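The disulfide bond annotation in TrEMBL covers C12-C24, C19-C37, C31-C46, C48-C60, C55-C73, C67-C82.
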Amino acid sequence: CDDKSDELNCTCRKDQFKCSNGKCIPISYRCDGANHCDDKSDELSCTCKNDEFKCFNGKCIPISSRCDRYNDCGDNSDDLNCTCSNDEIKCSNGKCFSGFCY
């Protein structure tokens, strides 16, 4: 079917992951940081490696990407509660800013 309705609620093969919406995806897509299920169920309850940071949204990023002022997580959780430099202030949202908090 054009709307892929014939692919929903099928039994997935052993080398596939069954999404919450019934879609089957390759098991290698599970916990890879990309939303392949369209409902993000392939990225839920993932365990990050020791050298990774687990974002609030469940995504795992390299620990070196934490506190780099780039939204690596997609939800800004990788830049919260970081140590601010001497010329910065910490805003109530936990972010560092050189200026005024809004």
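Placement of Cβ uses the backbone N, Cα and C atoms for every residue, glycine included.
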Measuring Cα to Cα, how many angstrom lie between C46 (disulfide bond) and C60 (disulfide bond)? 8
Relative to the Cβ of C37 (disulfide bond), which residues of the same chain, six or more apart in sequence, are found under 8 Å away? C19, S20, N21, K23, I25, E43
If you count the other CB atoms within 10 A of the CB of C24 (disulfide bond), including all protein chains displayed, you should get 17
Return the residue, from the listed disulfide-bonded residues C31, C60, C73, with the maximum count of other C-beta atoms within 10 angstroms of its C-beta. C73
Cα within 10 Å of C48 (disulfide bond) is the criterion; apply it to the disulfide-bonded residues C12, C24, C31, C73, C82 and give the hits in sequence order. C31
